[in-house]
């Protein structure tokens, strides 16, 4: 029987996940109706809709995976974990594309590459979404391969019928999945980080340039920079929390019945929840639909 703190954190995790599923479901419905009405979506809304759909699935998979692992359905949980890996990689790449889209559209740098991207980025979005799916699929294949190897190691060490890991299989899980995370997730994180840095410099240059003209704090371009930076600040917070949680999880053994495991889960999915709130508030269509509902 889990301890009282563990039960409390389990309930909090479940409530956060359900709230986030409702939130992302709202985004899917609003943008889905927009797509049905116009038979098309603006490029940025395509990315946001894809993010909302992926996050909706991620929370559902996280609930199912933790439920299965709690009852020692380890092989089933490992299969669901492969789906989690696919969705999570997809989300990381979609977040990187959204950051790049904001950077290209809003930044005021005069580099020829940025000029070219500013005119082409909207047409490139469908291809970028396809790249995200491909990277997610590749990540799932790597994860499935790791599960197969680890299961063979568990069987060879004589562990059957439960979730017990031998020393060799546990070390393999730690190093294999940490290497997998670095390989598959560092690139979108790097792209995301570079985009944020460019946006920050662009905002600083714009504010300094316009300060002499004193347009006031409601200058449209300054507002656009500020709104994008608010969204991307939450994005990068989610990234940092996620990677810290990944390091913690890769250096510990079975922690399902420890409240620290659930604290880590709450941190990860609360970050996603807060990130989705910023997406709703920064998107005119979603913000308008939210005001009409409430």
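Even glycines carry a Cβ here, placed using N, Cα and C.
Taken from Swiss-Prot, the feature N-linked glycosylation site applies to 162, supported by sequence analysis.
Sorting the topological domain 'Extracellular' (1-7) by DSSP state (H, G, I as helix; E, B as strand; all else coil) yields 4 helix, 0 strand, 3 coil. Positions annotated as topological domain 'Extracellular' by Swiss-Prot, on the basis of sequence analysis: 1-7 (among others).
The predicted model assigns the topological domain 'Cytoplasmic' (29-43) a mean pLDDT of 90. Marked as topological domain 'Cytoplasmic' by Swiss-Prot: 29-43 (among others).
Each residue of the topological domain 'Extracellular' (65-80) gets a DSSP state, and the totals for helix, strand and coil are 13 helix, 0 strand, 3 coil. According to Swiss-Prot, the topological domain 'Extracellular' annotation covers 65-80 (among others), on the basis of sequence analysis.
Marked as topological domain 'Cytoplasmic' by Swiss-Prot: 102-128 (among others).
The topological domain 'Extracellular' annotation in Swiss-Prot covers 150-180 (among others).
Residues or ranges marked as topological domain 'Cytoplasmic' in Swiss-Prot (evidence: sequence analysis): 202-227 (among others).
Summarising the annotation, Swiss-Prot assigns topological domain 'Extracellular' to 249-260 (among others) and lists sequence analysis as the type of evidence.
Residues or ranges marked as topological domain 'Cytoplasmic' by Swiss-Prot: 282-294 (among others).
The transmembrane segment annotation in Swiss-Prot covers 8-28 (among others) and is backed by sequence analysis.
Under the heading transmembrane segment, Swiss-Prot lists 44-64 (among others). Long-range contacts of the transmembrane segment (44-64) within the same chain: residues 14, 17-18, 20-21, 24-25, 27-28, 31-32, 34-35, 80, 83-84, 87-88, 90-91, 94-95, 97-98, 101, 105, 125-126, 128-129, 132, 265, 269, 272, 276, 279, 283, 285-286, each at least 6 residues beyond the stretch ends and with a Cβ under 8 Å from a Cβ of the stretch.
Under the heading transmembrane segment, Swiss-Prot lists 81-101 (among others), citing sequence analysis as support. Residues 43-44, 47-48, 50-51, 54-55, 57-58, 61-62, 65, 121, 125, 128-129, 131-133, 135-140, 143-144, 147, 184-185, 188-189, 191-192, 195-196, 232, 235, 238-239 of the same chain sit 6 or more residues outside the transmembrane segment (81-101) yet have a Cβ under 8 Å from a Cβ within it.
Positions annotated as transmembrane segment by Swiss-Prot: 129-149 (among others). Sequence-distant contacts of the transmembrane segment (129-149) (same chain, at least 6 residues past either end, Cβ-Cβ under 8 Å): 46-47, 50, 78-79, 81-83, 85-90, 93-94, 97, 172-173, 176-177, 180, 183-184, 188.
As annotated by Swiss-Prot, transmembrane segment applies to 181-201 (among others), with the evidence given as sequence analysis.
Feature annotation from Swiss-Prot assigns transmembrane segment to 228-248 (among others); the stated evidence is sequence analysis.
If you look up Swiss-Prot, you'll see 261-281 (among others) marked as transmembrane segment, on the strength of sequence analysis. Counting only same-chain residues 6+ beyond the ends of the transmembrane segment (261-281), those with a CB under 8 A from a CB of the stretch are 6, 9-10, 12-13, 16-17, 19-20, 23-24, 26-27, 48, 51-52, 55, 58-59, 62, 66, 230-231, 234-235, 237-238, 241-242, 245, 248-249, 255, 287, 290.
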Report the DSSP secondary-structure composition of the topological domain 'Cytoplasmic' (29-43) as helix, strand and coil residue counts. 11 helix, 0 strand, 4 coil
